[in-house]
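Positions annotated as NAD(+) binding site by TrEMBL: A:G115, A:V116, A:I117, A:G118, A:D119, A:T139, A:S140, A:K152, A:K161. The annotation Zn(2+) binding site is assigned in TrEMBL to A:E194, A:H256, A:H275. Residues or ranges marked as domain '3-dehydroquinate synthase N-terminal' in TrEMBL: A:77-189. The feature domain '3-dehydroquinate synthase C-terminal' is assigned by TrEMBL to A:191-340.
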Number of protein chains: 2
Amino acid sequence: MTDLTALNAITTVPVKLGDRSYDILIGAGLIDQAGREIAKRAKSVRVAIVTDETVAGLHLDRLMRSLSAAGIDSTAILVAPGEKSKGFATLETVTNAILAARLERGDIVVAFGGGVIGDLAGFAAGIARRGMGFIQMPTSLLAQVDSSVGGKTGINTAHGKNLVGVFYQPQLVLADTDVLDTLSPREFRAGYAEVAKYGLIDRPDFFTWLEKNWRGIFDGGPERTEAIAISCRSKADVVARDERETGDRALLNLGHTFGHALETATNYDSARLVHGEGVSIGMVLAHQFSAKMNLASPDDARRVEAHLRGVGLPVSIAGIPGDLPPAEKLMDYIAQDKKVARGALTFILTRGIGQSFIAKDVPPSAVLSFLQEKHPK
Amino acid sequence: MTDLTALNAITTVPVKLGDRSYDILIGAGLIDQAGREIAKRAKSVRVAIVTDETVAGLHLDRLMRSLSAAGIDSTAILVAPGEKSKGFATLETVTNAILAARLERGDIVVAFGGGVIGDLAGFAAGIARRGMGFIQMPTSLLAQVDSSVGGKTGINTAHGKNLVGVFYQPQLVLADTDVLDTLSPREFRAGYAEVAKYGLIDRPDFFTWLEKNWRGIFDGGPERTEAIAISCRSKADVVARDERETGDRALLNLGHTFGHALETATNYDSARLVHGEGVSIGMVLAHQFSAKMNLASPDDARRVEAHLRGVGLPVSIAGIPGDLPPAEKLMDYIAQDKKVARGALTFILTRGIGQSFIAKDVPPSAVLSFLQEKHPK
């Protein structure tokens, strides 16, 4: 009976990508069912779990027990927590550890952690033996609603975030909503910025629903699973339309061009700014800039700012602790961002809540003067 | 008139891979036409040429002049020559140099060199911005007939050769047969081992033709272009059938399992053994082992050995200068090779000249006792 109840609680979101299609399973207590779900789909595999020390301390034993109970041999590869692990040095270490474990092509790398772990382990899985089996088990809200879905993997370099990586789809995503209770409130909020993003891109009703129901998501009510499932479905829709970001997928970058520049400016120092916080500020800036360009009403920008501030997220450049480089330098970081095409800037702008679009000819001078206004010397 | 003659001399071999199809152009003096051929296929791109110091000294000026004449901006990224550049450290350097040049996704990385450069630059092109444009301009015989075709890229690690990489198809291959005159005789011979391989896999008539015509290939006669075109066509056929090596493509590894083990055993020291030499010894061993297993006639093994020795290639483990680890250690290297599947060894064996096949259940004990016989303490 317990078993059936647990199964009933799982929400499945399919990601339709032809022969690379896969399911996202979302539900409470999924870690304990991981072994069974993997064994169902892959016969006699071995597993390397890539995780960080924090997640390992909280949840690794349970995952390894679940795998073992399903007859799956596993080995754990631990990295230091935090964005600094998303670089060439740790990529090399993790890839070599996968090879040292003598895993074969059909065996599986499990990314067990937040966005950093998913991007890093997915990249390693995509290049070890030119591509191994790969499963995402996201443990942060951000990873569950965003980075674990869609196959983007990568690392950061001195030239910017995520500029090096591969498109590599997982064969399964297992999102245990219970583990989110172990996140710090700050980390949970940062992930929430990506949830709100789906409303702002093209689901105005979802944004309105979030304005009313966000407390249930934070408190672990039924709204949490619902919001995660809607977010995953939104992302899966966009990815199915444009897997390799030649078009529509760029919409998912709403808030990210400004956000990445701010992350670069704070040297990825998570004490000052984490990714979701950069996205929160970036989304507010994108709405304010759209209003300044007379594309959207300033009321919409104020509504976005009010909601994100309401949940406790930073909403302005001034909200970042410590000194920042001047607007001109931020502009440089934006120009090096990967969404630049031949001198003209590509930005995700908006005509209002849930009406985002890809603007391909944004004049750099307009962005610079907007930044100078928002971030005076 | 000169122009027309040059154009007429180009042989085109298509590689059919659906939306990743591309052409291999083979001919004398192609470097001087590179700018025109690239401009025909890609509008207003910029190019980063990845090459090594040796190739740069001999041919880089001509290539950059050809690009410039076609209105294509280019920048050169130089690495040290040799297999040691095929590792994580140089991969990071090259990838960062591509980003530092501010190339965009649609711009092109040109691999201009031998197999090391093709594998390294192809890997960097496949991961920089999650995949840039990519063109192969192979300058060694080995690269022209083998490594530049088919989309395998990669680097070596302490765990073995080519264990880390991506499948990433070029959009064009330009093989200038004239540049092969600048190779050392030893390097040319090493590439010839891969030419002979295509005969031994499934083209017995080609192997017979090679036995008669190999001098024309070495001397730069019309046989050279013919042999390169037949080799590329052979490889393209196999790759079109099985791009990601889930089946038939493994045939291309004839001689490579033994060969890789010998390269690992000599620590990739090119003074002692280069890849093609390892393949030459490996192909002879594969035929001898097949004969020992009563699969093929010993006469065929002797014929393969005689031809490869005749062109000046090493044909036995004893032919490698310096000390080697014992047979048991060679066996360890073989077990870590990527063609291992769940304990049973997969080998390319043969029923005779041009009758190679994939043998999936080769007993490790039989391989070990064969190695002990061929490489006594």
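Glycine is treated like the rest: Cβ placed from N, Cα and C.
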Nearest to A:I117 (NAD(+) binding site) by Cα, among A:E194, A:H256, A:H275 (binding-site residues)?
A:H275
Would you kindly give the Cα-Cα distance separating A:H275 (Zn(2+) binding site) and A:G115 (NAD(+) binding site), rounded to the nearest Å?
9
Around the recorded Zn(2+) site, report the further residues of that chain (criterion: Cβ within 8 Å of the mean position of the Cβ atoms of A:E194, A:H256, A:H275; site residues excluded), sequence-ordered.
A:L142, A:D146, A:A193, A:K197, A:G255, A:G259, A:G276, A:G278, A:V279, A:G282
Closest of the binding-site residues to A:H256 (Zn(2+) binding site), Cα to Cα, picking from A:D119, A:S140, A:K161?
A:K161
Using A:E194 (Zn(2+) binding site) as the reference point, find which of the binding-site residues A:D119, A:S140, A:K161 has the shortest Cα-to-Cα distance to it.
A:S140
Which number gives the other C-beta atoms within 10 angstroms of the C-beta of A:G115 (NAD(+) binding site), all protein chains shown included?
26
Going by DSSP, how much of the domain '3-dehydroquinate synthase N-terminal' (A:77-189) is helix, how much is strand and how much is coil, in residues?
47 helix, 31 strand, 35 coil
Between A:S140 (NAD(+) binding site) and A:H275 (Zn(2+) binding site), what is the CA-CA distance rounded to a whole number of Å?
12
